Amino acid sequence: MGRRKKMVERVTTLMNDPQRIRNIGIVAHIDHGKTTLSDNLLAGAGMISKELAGRQLFMDSDEEEQARGITIDASNVSMVHTFDNEDYLINLIDTPGHVDFGGDVTRAMRAVDGAVVVVDAVEGTMPQTETVLRQALREHVRPVLFVNKVDRLINELQVDSQEMQVRLGKVIDHVNKLIKNMNPEKFKAGWKVDAAAGTVAFGSALYNWAISVPMMKKTGVSFNDVYEYCKAGDMKTLAEKCPLHEAVLDMVIHFLPNPLVAQQGRVKVIWHGDENSEVGKSMTHAHADGDLAFMVTDISVDPHAGEVATGRLFSGSLTRGMEVYTSGTAKKSRVQQVGIFMGPERLEVDKIPAGNIAAVTGLKDAIVGSTVTTLDGMTPFESIRHVSEPVVTVAVEAKHTKDLPKLIEVLRQVAKEDPTLQITLDEETGEHLMAGMGELHLEVIAHRIERDKNVEITTSKPIVVYRETIKKKTEPIEGKSPNRHNRFYISVEPLDLEIVSAIKEGEITMNMPELERRQKLIELGMDKEQAKGIAGIFNSNIFIDQTKGIQYLNETMELVLDGFEEVMRAGPLTREPVANVKCVLVDAKLHEDAIHRGPAQIIPASRQAIQAGMLMAEDSLLEPYQKVFVQVPQLLMGGATKELQGRRGVILNMTTEGDLAIIEARVPVAEMFGFAGEIRSATEGRAMWSTEFGGFDVVPSSILTEIVGQIRERKGLKKDLPKASDYLSM
């Protein structure tokens, strides 16, 4: 206990010196060794015993993680490392590598300033490596590289010393190619990873050794020595001469920025307020005595303390008892406890200053992405943009009717803890629907509801989430209010895909200055008049007001947008969410008396015009796709390609490496259920495969009617398809 107390004292002292802080994440493709690396870094810093490191999986503290052998949540820990005789505080987040839990990676990247990208020396960069690197660069998080499992190259693939260096060079080149393509400016500004400069380390997390060019100079151990030690199976000597934690954490401290440096570049990317305001300056310079600006990146539940909000403190200091505002709510809350994480344990401290990652209780209105501040009306941080979208849904029911009220509360809670999960109540069927990133994601959540929340549930078979869209433009359609006193003339048309992409990337929002948004839309090819009239953005859909001088329209526009949003949440064809639609209001006639243009009149009028318009514009469906990457011995390649093509898959690329074939394909999510078992049979169990989100595409016309019919039947809608006249005659 003495050692632990001493560690806490060192951590709390260093917290107050931002130059000595490094906030870092460890990111990688699944099974490339992130959690084993994290544990050995903790052992090196004296947090857990060296004997248990790598086998204890301290960071995988959840039962589900240990049972499945994968990281599901992002875990936080603070530790101390000595570099050049100076102590440094390292706040470390270990993130999941499985594509279904990518939301945790995205959120963790908002909290950190640097990332250790882990790549398996044998497998090289994989789809999820690319995804996590993109997430890091998008949040302006600087990467360094750790090439793991070098011992496997030598002992399993039997490569010689020269071939080993060539292969390692290829991994570095590929990572740099990704950085250059994703962020050319940062690449030019010195963010490329370079072994000679010291921003790359090589080693084995399992056997606790690592080498880098600075480490070679320090220890005199060369690449040839590494090769000989591995060949002889003498990992112990290698770990004594070149300890993993020393090589990796020295690299982190030397090359990844402290909060003072990082926030100068990052604040303008993640916050669009006035940089010259007091809070703007305070965030840019990480002032501990400025106004509080804290961004919540994670919500978890402590059985004793209730909800714990973890996040990054950009400005000010957090102390127990202080009163704060949470974005999206007008009332204040009182901070109850402030603390830091040491793996699964949360340790209370008196005060946490800017530049740190903090855990807070008492913020009952906070959700992931909330801005917590002492300023009333502060511009909130930009929302966290997730790379993937929920593509699979299950219906959830309580096994025992008496548990229904508890289930509703539990679903609200899990949605708060995991914002990549979407919970909706299907009002027609009374079912609770849970949409997630994939089958595994939903399985884990369902298991947690039963295990942690003590509610027995039954779930339906997984169902694919579709999107409604349109194929052509319509003339303006008249929507009348039930009392016939108000009329709206709205046309609908497909929204340009470049604009859709910019909305998804967060480059076009309703929060940004109007002139900036207008300019961006004009650059992307939108007509100047339309770009001027943006009234609302909902998911990847836009509502434009092109009217001139209509009396009372300003007072009713909010209700018009409510009607627009209702349709965008559930389209007329299948009640699925709508994507990539532009609605343009070209004219309106409104009753002069406000009593005749209330919500019950205006919302149905705008809603019906859009619903009818979509049906006239060839309403269709988009289905989600996954990119599938399969590694298989060349002799068994035929079985793998046949399996993919039999699922409506398109082979995008095929390459060979040694006796392995690497197949890249794009397959509809609807066809991927049961793939794991089938691909094993087709390849005698020798295929390794992974997936990533592959966007949405139009459902082929040959199966559209069948799929629409299945969705309508499942939702209890009429068998006959709706017609535009059904909405216009209302």
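Backbone N, Cα and C atoms are what each Cβ position is placed from, and that goes for glycine too.
Here Swiss-Prot flags 19-260 as domain 'tr-type G'. Under the heading GTP binding site, Swiss-Prot lists 28-35, 94-98, 148-151, citing sequence analysis as support. The diphthamide annotation in Swiss-Prot covers HIS596.
All features noted in Swiss-Prot, drawn onto the structure.
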residue : record           : Cβ within 10 Å
ALA28   : GTP binding site : 30
VAL150  : GTP binding site : 25
HIS596  : diphthamide      : 15
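The separation of VAL150 (GTP binding site) from the residue listed as 'diphthamide', Cα to Cα, is 74 Å. On the 0 to 100 pLDDT scale, the domain 'tr-type G' (19-260) averages 81 in the predicted structure. A helical conformation is recorded for VAL150 (GTP binding site) in the three-state DSSP classification.
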